[in-house]
Amino acid sequence: MAVSRAPAPDSACQRMVWLFPLVFCLGSGSEVSQSSSDPQLMNGVLGESAVLPLKLPAGKIANIIIWNYEWEASQVTALVINLSNPESPQIMNTDVKKRLNITQSYSLQISNLTMADTGSYTAQITTKDSEVITFKYILRVFERLGNLETTNYTLLLENGTCQIHLACVLKNQSQTVSVEWQATGNISLGGPNVTIFWDPRNSGDQTYVCRAKNAVSNLSVSVSTQSLCKGVLTNPPWNAVWFMTTISIISAVILIFVCWSIHVWKRRGSLPLTSQHPESSQSTDGPGSPGNTVYAQVTRPMQEMKIPKPIKNDSMTIYSIVNHSREETVALTGYNQPITLKVNTLINYNS
């Protein structure tokens, strides 16, 4: 689109001289004026261009157009267009950065938008019949959305239902942005963080969409319940894994303890015979115990009794075998073998 622009004045004096007839014309106009009731809302993208459209009323011929913008609660003139000679309009541009231009319809074009360009703008038109018409605009500058990410956490409940926590995050955004989750059919779930439950036995795969949007752009990311719950459905729940792990650890500890006890018992040997056979202490004194010979001397009672005639070699020998434990045997002999002690009991019969 072609842009018509007048040469810039060479000095401040020439600029004042050039503006004087314009001010005179504006001052001598009639008191009749009209303006748009509500400002026209315009949206621009950061770093791109925005156009504030200007449309003259039907049957009206513009003589002077002045574009103003508000800065620190005051009106600042940005562009002045003199249309006294429509074939060669004169334009004064006060923008030193040359970001302001005029289209063929005398609309205001702002290039390389910044956040500072946000604000109120007015177009003041003076017609040939000295009528003043004012158009108002509100320009908002937005940044295009980017880096939309989703996070999820799934949990398999005891009844077989998959519980899904969904979060939608828009990074590096300083402006207010609408972020929400939607179910099938564009049904809003009411926010960037939602919790849903999905039972694979009673329902098929479902899709949920996270949508983020502002005045100039929108983004969306979709997820499916089947893909989110695939991991927990194929793996046992955490509580079952914990239970199985605990049982395994306890079993291993018990097995190690039993093996250690057996090893210690084998190293110490079998239990002492005295503890295994407590009756042995009683049986060792018995005269009939095999393995030892005990000699006992028997004294005749004091009562008179008839004594038989002694016979040559009339002595009697009583053998008694006494058993000793292995430990007693080793202590007595130094050898780990049983010994047999024989004691002759002599019974003398004296007349």
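Note: Cβ is positioned from N, Cα and C throughout, glycine not excepted.
Summarising the annotation, Swiss-Prot assigns domain 'Ig-like V-type' to 36-130. Annotated domain 'Ig-like C2-type' per Swiss-Prot: 147-210, in sequence order. Positions annotated as N-linked glycosylation site by Swiss-Prot: Asn82, Asn101, Asn112, Asn152, Asn159, Asn172, Asn186, Asn193, Asn218. Annotated phosphotyrosine per Swiss-Prot: Tyr319, in sequence order. For 272-295, the entry in Swiss-Prot reads region 'Disordered'. The motif 'ITSM 1' annotation in Swiss-Prot covers 293-298. Here Swiss-Prot flags 317-322 as motif 'ITSM 2', drawing on similarity to another entry. Among the features that Swiss-Prot reports, topological domain 'Extracellular' is placed at 31-239.
For the domain 'Ig-like C2-type' (147-210), the number of residues in each DSSP class (helix H, G, I; strand E, B; coil) is 0 helix, 36 strand, 28 coil. Taking all protein chains in view, 15 other C-beta atoms sit within 10 angstroms of the C-beta of Asn193 (N-linked glycosylation site).
Once Cβ contacts within 10 Å are tallied over all protein chains shown, the glycosylation sites Asn82, Asn186, Asn218 are led by Asn82. Here the glycosylation sites are Asn101, Asn112, Asn152, Asn159, and the one whose Cβ sees the fewest other Cβ atoms within 10 Å is Asn159. Cα distances from Asn112 (N-linked glycosylation site) to the glycosylation sites Asn82, Asn101, Asn159, Asn193 are smallest for Asn101. On a Cα basis, Asn193 (N-linked glycosylation site) lies 10 Å away from Asn152 (N-linked glycosylation site). Note on proximity: of the glycosylation sites Asn82, Asn101, Asn159, Asn186, the one nearest Asn218 (N-linked glycosylation site) is Asn186, by Cα distance. Take the Cα of Asn193 (N-linked glycosylation site) and measure to each of the glycosylation sites Asn82, Asn101, Asn159, Asn186: the nearest one is Asn186.
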